[in-house]
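Taken from TrEMBL, the feature domain 'Biotin carboxylation' applies to 21-475. Per TrEMBL, ATP binding site is recorded for 137, 225, 260. According to TrEMBL, the domain 'ATP-grasp' annotation covers 141-342. The annotation active site is assigned in TrEMBL to 317. Among the features that TrEMBL reports, domain 'Pyruvate carboxyltransferase' is placed at 555-824. What TrEMBL records for 564, 733, 763, 765 is Mn(2+) binding site. Here TrEMBL flags 636, 898 as substrate binding site. Sequence annotations record features per position, and here TrEMBL assigns N6-carboxylysine to 733. Annotation comment: TrEMBL describes 1100-1177 as domain 'Lipoyl-binding'. Here TrEMBL flags 1143 as N6-biotinyllysine.
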């Protein structure tokens, strides 16, 4: 049971009848301890004064006092708080009677205490003599030895240089040897401490420790001790009254440390024998009593694995972790300090040892603005959200954190201390875990995830840990799983609202419609006793599926609306959320469909590159919504879903993963009908158990005997070859919409006559407007299935109208069975969706029969039209189309399917932009700088065209252009045959190391297919979160929000966010715009750089990652010292610059051998992460 608060405490309030408190106290510090001092004094009816540096003028501690004064106006941010003369002057001028120094800064400065006393101001802390004894670690050590307190072997006095330290460590009759620990002679808190493992590290480590001590405490002297490995760090909190009377407030365990800075502190310690604990108490009291110690102080010890304890130091001040001692004893240490300084004795305060009891367990963590995943790099910035926890057993000691607070690199990174109190240690840990999970900080990175990992670690909870605990458990640095969804969504909305959609998104057309699409209610799926085609495939395999298709008397339909239709009309920009909304009604209306085309091809690339979505997630989510209709994808043979060749094992692995994720029908094609490329895709799909739909890419005109090259004989031969490779279904893929009704009848009829059991599936584009007639002709000639699109997404460069095909065949033997009324409701939804995506419309108003001349594929037609606008060739669009036909002839009259169609298109636009004719290209080929896609085509990256490469054009283009990594100018056959297998385990390891996040197998595959796009996708995902791209309404995703607009964003089952845009300000002198939102009714503010406004702030040059000799700042920091000058010769590892961020110094070293060619900074400069410091040539 918890014990009640000791009965002596009320007596402390009565002591002021004898020793009245001070009338006014100044807190000579900043942040949380300054606030703590002001609160303690206010409770004692004492007026309070705070001081602040210019950089701290907006921080909380300034406003917690009755008065506040600027200090050290001409000093550095840290130097201001070390300005003794200014602080004393403020005290004298403003009637301050006492000064509480807190911890750090001047808290252990003997000169400060004496100067205050000289001016009639009381120093709330130890006497000046006590500070002289214990503030200097070497004199404290001498006193400990004299008091018979065991110590670690070390220097008898402070040392001022590395050479002095080396003499003690390595010379003399009894050198202590390595490892040693260097400690600042003055101060504490882990500042000015470095472990030296070997002789060659001494100079650098001493320099860093001494410099850090000088910056933090104004004194760079250090002393040396033998380094005790794997000890526990136990300290005893004490109070003395200067008469020799000293009491302890029990012990604290501070063993969980990083870089000698405490992370978690517990009171009391567990796992100590009573003998050891009592020895610690006795030694502490004996040591302080011998010095007639006055006020609060902590005696710190190391306890080794054998239970032996060694004196480390006395901290003659209040410590950061004093809160845990207060919680378990009920003694207010800061108020006790004030009362003792005012003259009260311990007896008068009722602080006698037998009355002080320890009740329960307390535990404290320090939440800092440090990034655990980046070596605890201090983070800076503006706090956007700051929501602190509460509840039983939780105490908060807050400092500089509040919404809008600017965290600078000048000071300690502490935001808030959270202390938990409970009856048992594990309960206290549970309370801290809960509090940290409630705690919300946005705008700066914190160590919250690291603290949670520590608090949840089994060793911490159930074993005795030592100071090596963190070093032995690198998993503690695992990144946070905090989603930060709301803030990332607001950041995205603010960015798009201010700057519009990313230029790369291509939203250049009319604004989005304001009316949301109507989702039809078609009820549950109809009762059907027959197996669906997908059920047949899943239960009986691909061959049974093909047989079932062939046995169907009616025409089967594939709906391309979910992929090719919006690729052709809307640049593939339709988002997953809009597909999911219509998924269930689609599963009802099209339950007997051959397939729903929903994946592969450009959708894979675009979903990551522009829509910020994962293509694998799209497939899995759609599969869940539509379980019984086959899904269909486009597979580019050896190119999988990319635009280049991949190693064979990558294609096999991709197909297996796609099939397991929910894909059924794989439409396998090659843009050149190159069978060797298709063979790989067919083998991969077959091995994965998928349905192999091999496609012949149609070009030319089989009904025109004058067209040559691509006649019936060519296609029949190709069909025979593909069937022999293991094809389940044959597809005629008419990408350009060239298949006229007569040609359709001839081609399908000929194939059906030779292959009566082979299912035939026909794909076309309605560019010329003859698509419906051609598809009906195919059906009548023996095709089993045709592609079509919902009416609102059909026509022009998309597929033929599904409604027209359905209506035309009603009542015939080929009746599709699709209900026109249900189709109409589906269509109404898609008409609304198309309105949302108006910014991506190409501007094409009608079909174009000149496709029979230029042969531009449907999807590419809209893409090229958009590209022509971007290239300034819009006025020459007619010439571009004519040049496409010329470019096709130059390439050898090839099938034009992605990516071969892109080659022809790039060459056409190149010709128009440079005013080149076909003849010019041939004659000047060896001097022209062709687009990369054209060069790679002629080098054989896509394979070999049906009728070979045209000469001498090919030889001229590839002359002198070798394939990367080889001495060849062209491939001899299938490019992938010459490539090494992908090491998927290695790729996953690299990605995990690079991104520090959970990398799934499907993410590895996405990276293999599109490495640069995948990396960019993850960058945006980290910046804006998954919810911003997945769950935002489409209009807001594209255009942002308008003022006073309110939207609801689902982020998880049962969890919605309500967002309202309140105001958008003008840009300030830095070009920043303030965007005010209400999030679930609470105010949120986001700042966004207006891309249209130039900032008045001069930006420093950035270091380039690609340049080895560019040395950049690792964090936002201040330059403490430059150690090189222009022209110096340096070797890799030589020190260049010393940076300081939040008192943590970092030595920047040379990355390579060379000569210093430029130094971009001087001492005292503030630099941002990535700023160029030094250039080495």
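Every residue gets a Cβ built from N, Cα and C, even glycine.
The shown structure was predicted, so the numbers you read here are calculated from the model rather than taken from an experiment.
TrEMBL feature annotations superimposed on the structure.
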residue	record	Cβ contacts under 8 Å, 6 or more apart
137	ATP binding site	158, 183, 184, 185, 186, 223, 313
225	ATP binding site	152, 153, 154, 155, 180, 181, 183
317	active site	101, 102, 103, 107, 108, 125, 126, 296, 297
636	substrate binding site	601, 642, 643, 669, 670, 671, 681, 898, 899
733	Mn(2+) binding site	667, 669, 695, 696, 697, 698, 763, 897
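The distance from the Cα of residue 564 (Mn(2+) binding site) to the Cα of residue 260 (ATP binding site) comes to 60 Å. Taking the Cα atom of each, residue 260 (ATP binding site) and residue 765 (Mn(2+) binding site) are about 69 angstrom apart. Comparing the binding-site residues 260, 763, 765 on other C-beta atoms within 10 angstroms of each C-beta gives the minimum for 260. The ATP site is defined by 137, 225, 260, and by the 8 Å test on Cβ atoms against their centroid, the other residues of the chain that qualify are 154, 181, 182, 183, 184, 193, 223, 312, 313.
Sorted by the number of other CB atoms within 10 A, the binding-site residues 564, 898 start with 898, the lowest. Taking every pair among 137, 225, 260, the residues recorded as binding ATP, the greatest CA to CA distance is 16 Å. Taking H, G and I as helix, E and B as strand and the rest as coil, DSSP gives the domain 'Lipoyl-binding' (1100-1177) the counts 0 helix, 39 strand, 39 coil.
Here the domain 'Lipoyl-binding' (1100-1177) has a mean pLDDT of 85 out of 100.
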